[in-house]
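Notes follow the structure.
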C-alpha cells in the first residue's frame, strides 16, 4: 500500500482529486432511454429489460408470500438469530431519532405550528448477485417502518436460482409489504413512474451499480431519493498505540467491496505506516476477494504520514469519509475535531464491520466526500414537515401594514390587496 509523505496542502489536493467523480455520458444516455421506455410501455418494457440484462423471463414481477415465508422458515438458525439481533439494535437506535411537531400560541390571536407526516409509500432497491446484502435491507426498511410509512415495497434483480433467501428473510423480519423481482435502471424507473404492476413511490432508497445510481439522479424531482451512493470508503486515524494488523484488516474490510473502494490511513507515525502497509500486503494474499481488494488498494488506497494529530483531522475532514475510525489514545477526546464523516468508530474495538451489521446506527452513509453536507439514512428521511398558521382578525390587523408594505416593495399588488380585503377594502 503506497505511503505518501508530503506537506498538508499537497495531501489535501491529492484527496480532493481522488474524490472527484466523472459523469459517464454513455451511461447517462442509456439510462435516459430506459426510463423513457418504461414510462411509455410500462410492464412490457420492464420485462424486456429483465430478459436482456438479467437473463430471466418473468410472468409476474411480484414475489408470492409463500416464497418469502419459505425462505424465512428454512433459513439457517444462526443467520436468523443474527438478523433478529441486528433488527433489535437498529430499531432501538432509530427509535431515538423520532421527532415531533410543535404548536406555538404565544402571541395573542396567533396559532403557528408544524406537523410531521410519514411518507405514504417508499421503494427499497436491493442489489442482487454477490452484492445481495440483507443487512442493508434492514437498514433501509426499519427506519421507514419506525417513521410510520404506510407501505414499504422492495425491488431486487431476479436470479436464475431465485433471490437470496437471507434477503427475503430480512424483508419479512423488517416488515416489507411487497417484493418485486426487478433490477437495474428499469426498476428505478418503475418505482418513480409506476407501471401496471408496480406502484409509484414517493421516495427511493438503496445502493446499486452505476446504472442504478444514474437512474436515481435522473428521476429525482419526480420522486425523492436518499442519495447517489458511490464506492465504499474507510478513513482511519491512528497513532503508534494502534495495532497494525487490525488496521490492515479494517482497511481491507472496505477494499473488498469494490475495485473503486477507497481505503485510507492517516497517521503521525512513519513506523506504523510501514507496518500497516506490510500487513495489507500479507493479508491480501489470503483474502477470498483478493483481486477486488488489491485493485482498490492499488488504485484508490494510500497511507498519509503527517506531522501531528491536528493535521490528521484537518486532512481527514477534507476527505469526508463514509466511515471514519479513530484509533488514537483516548479517542473520545477528539470528537470535537471531527467535522465531516458519515459514521465514526472510536477505539480499536469499534471495528467498522460492527457498524455494518449489529451496532444499530445506520450503515447507509454519504460517500464521495458528500459527508460535508449529508447525513446517514435515518427516520427523518421518511417524514415530511408541513407548517400551519391561524390568525384572528385583530392579530392580522396588527401585522397587515407590514405585509402590504413588503408586498408592494416586491411589486406584488395582488398580495397586498388580498390582505386588505379582510378589512373590507376592495379594488373592484
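Heads up, the Cβ atoms here are built off N, Cα and C, so glycines get one too.
Sequence annotations record features per position, and here Swiss-Prot assigns active site, proton acceptor to 322, 323 based on sequence analysis. The annotation NAD(+) binding site is assigned in Swiss-Prot to 125, 186, 209 on the grounds of sequence analysis. Residues or ranges marked as substrate binding site by Swiss-Prot: 232, 254, 257, 323, 356, 410, 415. Sequence annotations record features per position, and here Swiss-Prot assigns Zn(2+) binding site to 254, 257, 356, 415.
The structure, with features from Swiss-Prot marked on it.
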| residue | record | DSSP (3 states) |
| --- | --- | --- |
| 125 | NAD(+) binding site | strand |
| 186 | NAD(+) binding site | helix |
| 209 | NAD(+) binding site | coil |
| 254 | substrate binding site | helix |
| 322 | active site, proton acceptor | coil |
| 356 | substrate binding site | helix |
| 410 | substrate binding site | coil |
| 415 | substrate binding site | helix |
Distant-in-sequence Cβ neighbours of residue 254 (substrate binding site), under 8 Å, six or more positions away | 232, 233, 234, 261, 262, 263, 296, 323, 352
In DSSP terms, helix, strand or coil for residue 232 (substrate binding site)?
-> coil
Tell me which residues of the chain lie with their Cβ under 8 angstroms from that of residue 415 (substrate binding site), as long as they are six or more apart in sequence?
-> 403, 404, 407
Measuring Cα to Cα, tell me the gap between residue 322 (active site, proton acceptor) and residue 257 (substrate binding site) in whole angstrom.
-> 13
Pairwise Cα distance for residue 257 (substrate binding site)/residue 125 (NAD(+) binding site) [Å, integer] | 18
Would you count the other C-beta atoms found within 10 angstroms of the C-beta of residue 257 (substrate binding site) for me?
-> 20
NAD(+) site shell beyond 125, 186, 209, criterion: Cβ within 8 Å of Cβ centroid = 127, 155, 157, 183, 184, 185, 187, 188, 208, 211, 212, 215
